[in-house]
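*Asks:* So TrEMBL says this about it:
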DOMAIN    27-477  domain 'Major facilitator superfamily (MFS) profile'
TRANSMEM  20-40  transmembrane segment
TRANSMEM  82-100  transmembrane segment
TRANSMEM  112-131  transmembrane segment
TRANSMEM  137-159  transmembrane segment
TRANSMEM  171-192  transmembrane segment
TRANSMEM  204-224  transmembrane segment
TRANSMEM  285-309  transmembrane segment
TRANSMEM  321-343  transmembrane segment
TRANSMEM  350-372  transmembrane segment
TRANSMEM  384-405  transmembrane segment
TRANSMEM  426-446  transmembrane segment
TRANSMEM  452-473  transmembrane segment
Amino acid sequence: MPAGGFSSVPPAGVEFEAKITPIVIITCITAATGGLMFGYDVGVSGGVTSMPDFLEKFFPVVYRKTRNPGSEGNYCKYDNQGLQLFTSSLYLAGLTATFFASYTTRTLGRRLTMLIAGFFFIVGVVLNAAAQDLIMLIIGRILLGCGVGFANQAVPLFLSEIAPTRIRGGLNILFQLNVTIGILFANLVNYGTSKIKGGWGWRLSLGLAGIPALLLTVGALLVVDSPNSLIERGRLEQGKAVLRKIRGTDNIEPEFLELVEASRLAKQVKHPFRNLLQRRNRPQLVIAVALQIFQQCTGINAIMFYAPVLFNTLGFGNDAALYSAVITGAVNVLSTVVSIYSVDKVGRRVLLLEAGVQMFFSQVIIAIILGIKVKDHSDDLHKGFAIFVVVMVCTFVSAFAWSWGPLGWLIPSETFPLETRSAGQSVTVCVNLLFTFVIAQAFLSMLCHFKFGIFLFFSGWVLLMSIFTLFLIPETKNVPIEEMTERVWKQHWFWKRFMDDEYGGAAVTNGDFAKKNGHANGFDPASQL
């Protein structure tokens, strides 16, 4: 790993020399703007779907129900499959695009994949801002979804491969930080554009997504590709030059040799997706998939997509609903900053477990308040209770933002070995977008039928994922990516049984160097030769 892996020749635990260079920081910040675009798309949809002018033009049935909610009740006035499709189509498109993004990430590189994402984003933004009918609006969202699929595939991999080991977690979380900044930016834009007279405020909200789209596109033109990607594609000298540049030292030969060996072993895998299903890759695959399912089943995206709609449903006025969404978005950003500071100090498990407790109790309290105070035809939530609900939502969001949000992306990106890394990241993004789509498409209908019980539903998932974390997610803090097998999986009480037979007699056919390198990279040389 250019992130400061461990040498194949020195004893395990000897860290490669690596400075935290300005080019690493600038490159990572630039790449992470892919998260800014994703976050803006998540945040903007909930805001525009609560704007009367937007609803009147594209969803007249919903518009009439919001004007006269008496027949439907508070919880059901936004229940509309077309409205949910506007939000969720982005994630379904992203899900499909992920399969193509896996190929481009591996064969064309991380940088070019980010450039493709930027192109999709720009075209999607233009169509959305200029939309004249629902078809044009949905096509724009689908193109934005393709951008999300490509960006979410390339950016977390790129960040993990560029960053030095000791700050890998913090730099990788830049992606999630930008997601939260994008959501906050969208909420602020929605709050401002909702006051524009003339019925075109929603166009400005959708059109301003062009800013992060341009940042990502220009950034992808300026950054260098990761040494891993260059070496994987046979550009050894270029990879070596980039490694020297990002490490800020000439002493890069040991790390370079390990990357070359890791790449050689990876190239022997002709079918990475099939290899991903092999027994020795089971722990990484199970945890990556579980993290994505659990991340969505916390209910966070339901809240972030539909925060203005949700607060409106609870009796807040339209302005108050958007204002409350801005507060929620700000808490999201600040809490992600906490994660950047703490993830490489206190570790991944501590953050996940602490957040589980905090999210569980905040959701149960919200459910109790809404169950008592918000009925189908109640006109308003008492101001004191309304403020308390916002505080509890912020408590929930803050816990998610320093744990399941960033770590759901970080842990999979740092645990797959190079041979299955692109395929593993593809599965990670695919599962994430699949469950994001399901939640986005179902949430307003679930809110209609479950009412306050929706929060109890999500709190049950939080309890389940906390138990999973306690027993099955190992600590990966300060472990170089290419040594995960030896230092994490082979030491874990449960997952080590999948590693027992990884190195047979054939594993040492290239001598002790090969054996050590196999361990360091999480590969099975015996199965590759």
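The backbone N, Cα and C atoms fix where each Cβ goes, glycine too.
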*Asks:* Please determine whether the transmembrane segment (426-446) and the transmembrane segment (137-159) are in contact (criterion: at least three Cβ-Cβ distances under 8 Å, sequence separation 6 or more).
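*Replies:* Touching, yes - the transmembrane segment (426-446) and the transmembrane segment (137-159) meet the threshold of 3 or more Cβ pairs under 8 Å.
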*Asks:* Can you name the far-off residues of the same chain, 6+ from the ends of the transmembrane segment (82-100), with a Cβ under 8 Å from a Cβ of it?
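*Replies:* For the transmembrane segment (82-100), the sequence-distant neighbours (Cβ-Cβ under 8 Å, at least 6 residues beyond its ends) are 41, 45-46, 49, 58-59, 62, 120, 134, 137-138, 141-150, 152-153, 305-306, 426, 429-430, 433-434, 436-437, 440-445.
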*Asks:* Please report, as numbers and ranges, the same-chain residues at least 6 past the borders of the transmembrane segment (204-224) whose CB is under 8 Å from any CB of it.
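*Replies:* Beyond its ends, the transmembrane segment (204-224) has Cβ neighbours at 23, 27, 30-31, 33-34, 36-37, 40-41, 44, 47-48, 51, 111-112, 114-115, 117-119, 121-122, 124-126, 128-129, 131, 140, 144, 147, 151, 182, 185-186, 189-190, 193, 196, 242, 245-246.
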*Asks:* Below 8 angstroms Cβ to Cβ, which residues of this chain, lying six or more residues outside the transmembrane segment (171-192), approach it?
*Replies:* 24-25, 28-29, 31-44, 46-48, 50-51, 155-156, 159-160, 162-163, 204-205, 208, 212, 304, 307-308, 319, 322-323, 325-326, 328-330, 332-333, 335-337, 339-340, 343, 401, 405-406, 409-410, 413-414
*Asks:* When you scan the chain for residues with a C-beta under 8 Å from the transmembrane segment (137-159), skipping those not six or more beyond its ends, what do you find?
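*Replies:* Beyond its ends, the transmembrane segment (137-159) has Cβ neighbours at 28, 31-32, 34-35, 37-38, 41, 58, 85-86, 89-98, 100-102, 104-105, 110-111, 113-114, 116-121, 123-128, 131, 171-172, 174-175, 206, 209, 213, 216, 226, 229, 409-410, 412-413, 421-422, 425-426, 429, 432-433.
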*Asks:* Residues of the same chain, at least six outside the transmembrane segment (452-473), with any C-beta under 8 angstroms of its C-beta?
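*Replies:* Beyond its ends, the transmembrane segment (452-473) has Cβ neighbours at 286-287, 290-291, 294, 297-299, 302, 348-349, 352-353, 356-357, 359-360, 363-364, 366-368, 370-371, 374, 404, 411, 443, 446, 494-495.
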*Asks:* So if I exclude everything within five residues of the ends of the transmembrane segment (384-405), which remaining residues of that chain have a CB under 8 angstroms from its CBs? That is, six or more out.
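*Replies:* For the transmembrane segment (384-405), the nonlocal Cβ contacts are 176, 179-180, 291, 294-295, 298, 300, 303-304, 307, 311, 314-316, 320, 324, 327-328, 331-336, 338-339, 342, 351-352, 354-356, 358-359, 362-363, 365-366, 369-370, 373, 465.
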